[in-house]
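Annotated features, as they stand in TrEMBL:
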type: COILED; residues: 203-230; note: coiled coil
type: COMPBIAS; residues: 17-31; note: compositional bias 'Low complexity'
type: COMPBIAS; residues: 34-45; note: compositional bias 'Basic and acidic residues'
type: DOMAIN; residues: 91-126; note: domain 'EF-hand'
type: DOMAIN; residues: 127-162; note: domain 'EF-hand'
type: REGION; residues: 17-46; note: region 'Disordered'
């Protein structure tokens, strides 16, 4: 129903634009003096109308693809990886984020085809152009041809859950990365990664990691205080 309504609106708009152009073409002779100015305004309106029509057509096609199951609705750009990917620890997600930012050379929040190509070459597993496109396609939920951070996390989620084929380029990426995504109790995880610690409950691990981060920040702050104090003593010695 939504796609039919949009199609009707688009058709109606085009009809109104065509009828408006016909009326302007039959303008009275007394308006001929404003011809050049009107022509400029008409050209500007035509550009704006074409742009709006193209945008509306794109939205209509997107809606039709979703209704027919050929596409999925886009997810919100902002998400919380710690709540959505609970099987990973905070440290693992931070490691994945650092890796993502390392290869996001365009700093646009995405890893495109060329950036993925460079990543696989750096990991020692170069892929063909078709192989790279297939890698993106496996986790490209919004069909934009590049990897968002959420889609990047999906690579490790699928690898840990045993949802990737042995010859998958994504599985190769997950194996060659320095991120340990071995998760106790996740189906198929031990087939790909060696567990290094005994699994604890998600809540206790989360709290322990937060406390460890807080302790680390306190330790760094104490070191900075000592360095500042030492510098002041050294400075006072030279000024005496």
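Cβ from N, Cα, C; glycine included.
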Six or more residues out from either end of the domain 'EF-hand' (91-126), which same-chain residues have a Cβ under 8 Å from its Cβ atoms?
81-82, 85, 132-133, 135-136, 144-149, 152-153, 156, 169, 172-173, 176-181, 209
Within the coiled coil (203-230), what mean pLDDT does the predicted structure show?
77
Using DSSP, break the domain 'EF-hand' (127-162) down into helix, strand and coil residues and give each count.
23 helix, 1 strand, 12 coil
